Structure formats: C-alpha cells, structure tokens
Amino acid sequence: MKEITVALVGNPNVGKSALLNAISGSEVKVGNWPGVTVEKKEATYKYKEYTIKFVDLPGVYSLRNQTAEERVTIDFLLKEKPDVVLNVVDSTNLKRNLYLTVQLLELEIPMVIALNIWDEAVEKGIVVDYEKMSKLLCNPVIPTSAKERSGIDKLLDTLIETFENKKFIQCEHFESQIEEYIKKVTDLVKEYKPILLDIFPKRYLAVSLLEGTLNDPIPSVLEEKLKQLREEIKTYYKKDIKTLLVEERYGVVLSIYHQTVKKQQEDVVDSSITLDKIFLHKYLGIPIFLFLVWLVFEITFKVSSPYVEWLDKVLGVVSSWSLSLLDKFNAPDVLKSFIAEGVLGGVGFVLVFVPVLFTLYVMIAILEGSGYISRAAFLMDRFFSSIGLSGKSFIPLLLGFGCNVPAVYSTKTIENEREKILTTLMIPFMSCGARLTVFAFFVSVFFTNNKGLVIFSLYLIGIMVAVIVAVMLNKLYFKTKSQFFIMELPPYRLPTFRYVINTAWVRVKAFVVEAGTFILAMSIFVWFLTNTPYGAKKDETILAKVSKEIAILFEPLGFGTWEATASLFSGFVAKEVVLSTMGNIYVGEKIQEEKKEISFEEGLKEIGYGFLDANVNLLKNFVSIFGFVKKEEEEFDEGLANAIREAFNPASAYSFLVFLLLYTPCLATVFAIKQELNSYKWMFLSILINFTFAWIVSFLVYNLVRKFL
C-alpha cells in the first residue's frame, strides 16, 4: 500500500479535529509537539490502496512564525514536507479563513481545500461556487461537513489524486510590480546563496526574505541588496513591505470571495448574537457561567464516582484471583504482596482515573464544541489578567478542587504557552478531594469546634499561595507585561455525539497508555521501599530508615518524626493513602480489610452486580445534583485518632495539614504535568516549587499558631 502524509492546516474553530474524527473515528493519537506545550494529533486511515497519515497541526490565523502554534506549523510544513496539505476552512467565514489559504500557496505544497461546516453555510443561505474557487486558487476545493459526514469520500479521493499528480501550480495573485520584486529576490538568492533554494520553497523564500522573517543566516551582501529593495518598495508604495504584502493577500481574498460567493441572505437571524445577549449579559453572564462550571464539577465527579467504586471492586476481585492462583503454585508471600500491592495496585491507580477523566473530557468537549468555553474565558478575564493569566485558567483551577489530575489535563483548552504553564503550576495548590479526607480526620481530632473554619482556611491558603507563585513566575521568569486579551468568539454549535465521545476517548486513551508505564513503575518502587526487607518490623523497612534520616527537615514545622515523614512519602503516590499509612504505623494494622478468597464464579457475580449497582448509583447521583441527599456519616477510627493525639498537638497538626496541602502533588498529577507541558523541566520545577512553599508556609503557620494556642 502507498503511504500519504497529509497535514491538516486551518484557523482555530474551523472543525479540523471534528473532520479528522469523522474520517478516522477513534484512531487519533494525542501527544505534544517536541519542546512545546502545543497538542499534537495524528491518525492513520486506510482507504482503498492507500495508508493515509493525517497530522492535525495547531489552529493558526497566519504563518507569521511568532506564536508557538505558528512555529510548529511552519516547521512541520517546511521540514517534514508532507505530501499534501489539507487546508480546512470555515464555509461561513471565508473572508477570514482564506488569508491563511493564500499564505499556504506560497509554500508550493500540493493542497486540497476543504470547505468545512458546509451544512451551516447552506442553512445561512451562503452559496459558494466552489468549482470557480478551485480555479482561482489553482487547487481543488471540496465542500465537507464533519457533523453530517458529507463529502468525506470525495475529499479522500481528491487527496489521493493530488498526491498522485505530484504537481503544484503556482498562481501569481499579487499585482505585477510586486511579482517582479519577488522574482528579483529569487535572482539575488541564486547569485549570492543558491543553497537556500534547496531548503525552502522558492516563493516562500523570496517573500520571507523581503519581509525579513527568515531565521536562517544570509550573506551580508545579500542582506544589503534586500535592504535596498525594501527601501525602493517603501518609496514607491509609501508603506513598508510587510504592510504591503498583508494588504495584497487580503486583496486576493476579497477578490476570490466576491467572485465565488454568489448569494447571502441578509435576513437570516444569527442565533449566536441572540444567545450572547444572554450568556454574556452584564449581570446574568457571571452567574450563568458559575452555574455551568458547578454543573461540570458535579457531573464529572458524581457520574464517575459509581464507576470508580466499581473498578475498585473489579481490581479487588482480580487481586483475589491472582492470590489464589499464586497459592496453587505455592508462591512465596513476598511475590504475592508484590503482585497484589505493587503491580495490581499500580494498575488500579491508573484505571480508577479513567471514569473521572472520561466524564471530564466529555464535558469539556461539549463546552468546546458548543463554542461556550471561549465565552467563559471572556467573562473571567478581568480578574485573571491582574495575575498575568486569562479567563481560560478559571475552569482548570476550579476542577483542581475535585482532582488535580483532570484539572491539569483540562489546560488543553489554553492555547497560550505561558498561561498554560502558569495555570498548570498553580493547580497542585488547589486542595483536591483526596486531601479533604485527611483534613476532615485531623480537624475532627483537634479542631472539633471550628471544623468548617479550619478547612476553609486551608483552601484559602492554597489559593493565596497559587496566586503568589503565578505572580512571581510571571514577573521573574517570564518577565511579561500585561497584554490585551484578544480571542475569537466562534458561533454556537451543537456538537455531535460522535465528536464528543471520540474526543474524550482519544484523550483518555493517551492518558492510560502514556501514564500507565510511569505510574506502574513508581508504584513498584514505593512497594519496594515499604516492604524491604520483607517481613521486617515497620520501623526497620527502607521507608522507615529513609524517613528517619530526613525527618529532621520537618522538626521546625512541628512534626519531625519518621512516622509523619513516612506518611507524607506515601502521600506522594496518592494523598488518600496518608491515613492508611498512619494507621499501619501508629496502630499496627491496616485500615483496609484483608482481601478474602473469592471463587471465579463469585468474582464474576460480584463484578456483574457491582456494575448494575454502579448504574443505579449513577441515577441516584444525577437526582442528587439538583436535590437534597443526606450525606452518610463517615467511619471514625478511634484507635488512629488517639495515636494521632499523642503524636501531634493542635499547632503541629495544623502545620502538617498545611504541608500536606502544598507539598509535592500526587504521582498521577506529576505525570500529568510532564505529559501536558511536554517537559521534565517543568515537572521537576513543580515538585520543587510545591515543596519549597510547603516548607516555608508550614514553618510560618506553625510558629504563628503556637503563639495563639
């Protein structure tokens, strides 16, 4: 089979990803481009006798080579040299979209233009003569609708035909005098540095040299000749070459538009304008936004929680089966512990996030596909601009109060690299639900009369530290001044079920595949620390010995014992295991019950009935979102409570909670940061920042609280 590489290029919000999903289904691979936080999507699709590899490049408005998205796009098109460019444009917004099309023509790569969102254009009464447009652009133009999956086969056939022709027909759209200048530049390159013609497309090279945007070094004599040409152009046209070329491109766009758009009904009511009067209302906009965010928050965790519990049961059954099988082979206890706690524990730690992430990604896909998420960013921009961010940071930070892992992954909606990094580094300071279980236990032991106030203060400390970190990094590292926030408000659309599910599935699959190996390895490493030497007393394991050595670091914070240190170490794997570690150390027995032996038939029944229970609980949770459901009282371990009373006092307990709030995020969050920011540097910097601020703030809190308690 022949292989074809197709690069999808287009403006943001033109349906590139939706079109890719319509073509390839769920076979999309998600990652990041090397060295940047820009999301990378690829898909391979077999059609007839061809294997077509689609590379979905980030949405860009032009090829100026200024933003991370533009650099990724330019680098791929010039260095990877795809066989065909698939330029996806919005049929309802051709005046804006065709500017990029005209720039792509300068790259001299065979191209197919997809007039996407064709169904909406028809609804709005926009009639496009795409056959004439094809002649004017010297490249085939195909109407498509990702929503209705129309035009897909015709598009694929045209891509193959374009690939087989292997020809590029250059249309000279600029006025004759400018075309003469472009030819002069080409002649100068041939004379002074002809090797550049082997590296770059001829027209792109000439235009870039004229604009002065080419990054490659050129001989001084060539630079001098170009400078003379620019001055000549400026004298003749009374404007600089960059402005002139922008105007020329827009002139080409308008000419093509007026020749091909035959009819447009002016009386068609734009529903987006009507909806914006509600969603962006001066007084109603913020309350509606907060309600929708609350709804996303509630649905994400209430829909996923029954299936998280079910997966936990499944893993318990599988663990029991594994232990039974190992017993039949007389396997040693150390191997059984390794399989049940190290391997299956690590696998389980990955899988329990799947329902949460899938539900979250479904909600985000709905918000993205509907066009609302851009409005949300607009509404919250005023506050976040004061700390160097935009309104798009609000939703990820809010989700962090539920779970930091999906919150980090939700930063995919932030295009600006600096804002994405800052938001991601702020998220671990948001107190997640796992931390809350530890907070609730300690507060019930030491602060019975002020439970709500103490827990609220912890949440407030996390928010304040996150803001301080963002401001410091913005001023000291990024050194950026306040900027105007400009973003497009796309029309409201109803995303298709296929698009929503495929988008969520692709992102969850990427998490499982990429996070699985890393988290499993770390889970095994932690098991090794807590169980070596196997069978030894709890204060003689490697974890205990290491904890004793570093416990001195926490003495100024009020909890410099190896037991507290060991529980914090286990909290790096997951914050919710801090209490179980303390129970094992202080009380001498695990809080969780020992797994009983389950037969194969019983296990299948438990899994099946558990799944039915999960669906029933899902319905109950849906009802509880808008109703009032009595919360069950949590079990309170008096043995552990008494042990903690002896090991801590109110000041050291509060200091411990502050440290737990701020220190190194859990293992899954750490990997999510690495995966989303595509950088070990930021991953390790996040760990360092969290630990440093945790120590400083806990030290201050401990010494302040001691004076008043």
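A Cβ is built for glycine as well, from the same backbone N, Cα and C atoms used for every other residue.
Keep in mind that TrEMBL annotations are predicted by a computer and have not been checked by a curator.
Remember, predicted model here, so these are calculated numbers, not experimental data.
Per TrEMBL, the feature domain 'FeoB-type G' maps to 3-165.
Around Asn11 (GTP 1 binding site), the same-chain residues at least 6 positions away in sequence with a Cβ under 8 Å from its Cβ are Gly59, Val60, Tyr61, Val89, Asp90, Arg96, Asn97, Leu100. According to TrEMBL, the GTP 1 binding site annotation covers Gly10, Asn11, Pro12, Asn13, Val14, Gly15, Lys16, Ser17.
Neighbour count (other Cβ atoms within 10 Å of the Cβ, all protein chains): 20 for Ser24 (Mg(2+) 2 binding site). Ser24 (Mg(2+) 2 binding site) falls within a helix when secondary structure is assigned with DSSP. If you look up TrEMBL, you'll see Asn21, Ser24, Gly25 marked as Mg(2+) 2 binding site.
The Mg(2+) 1 binding site annotation in TrEMBL covers Ala22. Long-range C-beta contacts of Ala22 (Mg(2+) 1 binding site), restricted to its own chain and to partners at least six residues apart, with a cutoff below 8 Å, comprise Ala146, Arg149, Ile152, Arg498, Tyr499.
For Gly35, Val36, Thr37, Val38, Glu39, the entry in TrEMBL reads GTP 2 binding site.
Per TrEMBL, the feature GTP 3 binding site maps to Asp56, Leu57, Pro58, Gly59. Classification of Gly59 (GTP 3 binding site) by DSSP places it in coil, neither helical nor stranded.
There are 28 other CB atoms within 10 A of the CB of Ile117 (GTP 4 binding site), with all protein chains counted. DSSP assigns Ile117 (GTP 4 binding site) to coil, not to a helix or a strand. According to TrEMBL, the feature GTP 4 binding site maps to Asn116, Ile117, Trp118, Asp119.
Sequence-distant contacts of the transmembrane segment (283-301) (same chain, six or more residues past either end, CB-CB distance under 8 Å): 356, 359-360, 363-364, 367, 372, 375-376, 379-380, 394-395, 398-399, 401-403, 406, 433, 625. The transmembrane segment annotation in TrEMBL covers 283-301 (among others).
What TrEMBL records for 338-367 (among others) is transmembrane segment. Under 8 Å from some Cβ of the transmembrane segment (338-367) lie the Cβ atoms of residues 292, 296, 299-301, 303-305, 307-308, 311-312, 315, 318-319, 322-323, 326, 373, 376, 399, 403, 405-406, 409-410, 412-413, 495, 499-501, 503-505, 507-508, 511-512, 515-516, 519-524, 527-528, 531, 573-574, 595, 667-668, all in the same chain and six or more residues away from its ends.
What TrEMBL records for 387-409 (among others) is transmembrane segment.
What TrEMBL records for 421-447 (among others) is transmembrane segment. Outside the transmembrane segment (421-447) by six or more residues, the chain places 37, 301, 388-389, 392-393, 396-397, 400-404, 407-408, 411, 414, 453-455, 458-459, 462-463, 465-467, 469-470, 473-474, 478, 574-576, 578-579, 634, 636, 640-641, 644-645, 648-650, 653-654, 656-657, 660-662, 664-666, 669, 673, 676-677, 682, 685-686, 689-690, 693 with a CB less than 8 A from a CB of the stretch.
If you look up TrEMBL, you'll see 453-473 (among others) marked as transmembrane segment.
For 508-529 (among others), the entry in TrEMBL reads transmembrane segment.
Sequence-remote contacts of a segment are chain residues at least 6 beyond its ends whose Cβ falls under 8 Å from one of its Cβ atoms, and for the transmembrane segment (653-673) they are 349-350, 353, 404-405, 408-409, 424-425, 427-429, 431, 434-435, 438-439, 442-443, 445-447, 454, 458, 461-462, 465, 511, 514-515, 518-519, 522-523, 554, 557-559, 564, 568, 571-575, 578, 644, 682-683, 686-687, 690-691, 693-695, 697-699, 701-702, 705. Per TrEMBL, the feature transmembrane segment maps to 653-673 (among others).
If you look up TrEMBL, you'll see 685-705 (among others) marked as transmembrane segment.
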Within 10 Å of Ser17 (GTP 1 binding site) (Cα basis), scanning binding-site residues Asp56, Asn116, Ile117, Trp118, Asp119, I find Asp56
Among Val14, Asp56, Leu57, Trp118, i.e. the binding-site residues, the one with its Cα nearest that of Ser24 (Mg(2+) 2 binding site) is Asp56
Spacing of the two Cα atoms, Asn116 (GTP 4 binding site) and Gly10 (GTP 1 binding site), in whole angstrom, works out to 10
Quiz question: given the binding-site residues Asp56, Asp119, which has the greatest number of C-beta atoms lying within 10 angstroms of its own C-beta?
Asp56
Who sits close to Val14 (GTP 1 binding site): which same-chain residues at least 6 apart have their Cβ under 8 Å from its Cβ?
Gly59, Val88, Val89, Asp90, Asn97, Asn116, Ile117
Rounded Cα-Cα span from Pro12 (GTP 1 binding site) to Asp119 (GTP 4 binding site), Å:
18
Between Asn21 (Mg(2+) 2 binding site) and Asn13 (GTP 1 binding site), how many Å separate their Cα atoms?
14
